[in-house]
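For 618, 619, 620, 621, 622, 623, 624, 625, the entry in TrEMBL reads ATP binding site. Annotated domain 'DNA mismatch repair proteins mutS family' per TrEMBL: 692-708, in sequence order.
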Ligand SMILES: Nc1ncnc2c1ncn2[C@@H]1O[C@H](COP(=O)(O)OP(=O)(O)OP(=O)(O)O)[C@@H](O)[C@H]1O
Ligand SMILES: [Mg+2]
């Protein structure tokens, strides 16, 4: 027979089978059975056991309540969920006390400030995939952000890919999905990013009407029209399912979620996961924040600003007007150095308003946090004033009045209030007359007790008389045995010690009870006053949220302006053209890592109409990869509204940046280096548009020379000739044979990164100049890297032999490149004579100049393709 507590525990545990239950027993949270074994090993705490019924010993591991948060944090960080089961009401010694789960902490629903990163959101997402549609909702409980989107693609795979891209951008700490039945292939499961923390939830909560009802009830609205998702069923279903899950984990208190916004991915440049990774937007290829674009750009002074900047970097804009609006903001702050410095100074005094106001709304904010909210709001008048000389920022500078809140918090709280109530007085004298009265009474009673020792000594003549306090008897008067005779009759003996007696008097007990009573009342009343104060501030939450948003934008713009000034960036001209023209461009991150002035700037010209494809050759270590990324980053910076590292830049809007850079093995997923490379290349060829920017770094390298060369050439031809494409392309390669394409394809141009050869030495100039390269200097780089001398010597020998023997071979390869094999191939493919073939037959080749021949050939080929494919 189990004990009642055991039965109570088991009943609760049954509701949370996959979640570790922290079961409150006195001053401890205990875990039992398998939970205990798990907790003991993850948290490195002692596994014991406890008798919970006759002959039943149950494994148990406990942690002290006051340290619960850090243990919960560790479990959640390790990928577990924790249900916190608290005692409801006070124990009375007889009945079993009621216990209830008060919150469930999962990776996506943590709100404890200690567990959150200031400069990034902790998102939880809900994902749903149906045919060529997907729904995705996302929330951050700490900031109250709640947004949803519906993806509509042409084919199911594309919907899945778009969903995955967006999830990778958000990098949510947890993704919920409908639990799926085992039979069908789990397409959604395949679309979720690898390693994501996935929680399947009841499919019923994902039904349209259930989801819709949950949203309507939460927001207390009749229709979802105002949220912009009324006609988007998958967006509604994802948002509704997410809301239901959050309500369950937060036990119904979701006061911080006050609105839902519907967004469209069409507003933003598409960046797939490998492009984000290749361009090292938020972390370097080694996974560190250092040496990432965000590390260079982030000069924000507030956590909200840092989070917003991160979002901007992840979502470059496609709308010219929006881009220009941001540019105007940055320019204004670049011009007004004084305003910028003052603004950033003031922002430095602003705390995380977005998270603070939500802690106020949910009642979690302690006095110290509330005070910091007040101090942050107190900076608003100065911020408004500072921005007066920048009329471009008038909209953001129009910060709502908050003097009332500042005054309220200031008069209500003491200077430097404690982090939690009860640690020290938090409410300022003068704010609550009732509290003041109680405090005065308490103080007077204490003073009376404090004065008692002296008064009684004088009255009784006992010099050694002492007034003391202990837990059992409360206040007492102690008299040593030697003076017993002098004890007045109204003293009542309470306790006998070895050398002394302890007494009380009715008067002393009266004052004692005043002190104790007052203290209890003070605690109650202070909590009550504080609760009302929080509620009053919470009533202004909308206003504070708006301020938080405006300050985040000001902070982000100021950060971009500060970087622009410090690093000498210029405002790019962004337009509807399909040109990328950069003078003196630099790589923002490499430049920042090098000594000032040592980065070599380079120009770029890409133009769909004329100079569509740049083939970049040059030795190892010359700077090809750096140059490619530099151009992509400048485009990206331009489209987030930032200034760019260049002397001058004109950027025709880019709808998507594609990158294929470096070799990335994906052994875990069973794909070889070359396979990954080809899959990425295929994606580019399928999805690039006329507005895209394609950056290819050494494709075809992962296979034999002939295969690689053939694929590389075919890819360039396709990018050049396909009428759908025409995308601006940068192509870096070690296949020097590819430079021959410049003579065959009219919109291809050769460039190379220059080096200077001084005898044995090679000097890297990092300068991009027109023309092709023909040497790789790979052995030279191997030498720099410290390969053993003997190996280097042998490599030189072999190279010399190869070069001697292969001269004719190389000439042949070059000839193949200049020749247009695509047309030749098609000759054999078309069995019945094609009209183009007829024309070809009629051509008088002798009468054509080489250029004419090429143009004709090109024209014929174009027509063949248009007909053929
Ligand atoms: N414009 C530049 N100014 C100064 N230093 C540069 C410049 N470009 C590149 N570098 C330096 O040269 C190094 C090598 O550059 P990068 O990796 O781009 O060479 P690469 O041509 O792609 O070489 P590989 O053929 O081996 O891939 C960089 O790490 C950087 O330090
Ligand atoms: Mg390279």
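Glycine is treated like the rest: Cβ placed from N, Cα and C.
Scoring each of the binding-site residues (621, 622) by how many neighbouring Cβ atoms lie within 10 Å, the top position goes to 622.
Apart from 618, 619, 620, 621, 622, 623, 624, 625, the residues listed for ATP, the same chain places the Cβ atoms of 753, 764 within 8 Å of the centroid of those Cβ atoms. Annotation: 618 carries the greatest number of neighbouring Cβ atoms among the binding-site residues 618, 619, 623 [cut-off 10 Å, Cβ to Cβ].
Residues from the binding-site residues list (621, 622, 623) with a C-beta closer than 6 Å to any atom of ligand 2: none. The binding-site residues near ligand 1, defined by a Cβ under 6 Å from one of its atoms, are 621, 622, 623, 624, chosen from 619, 621, 622, 623, 624. In the three-state DSSP scheme, residue 620 (ATP binding site) is classed as coil. Counting Cβ atoms from all protein chains shown, residue 624 (ATP binding site) has 26 others lying within 10 Å of its own Cβ.
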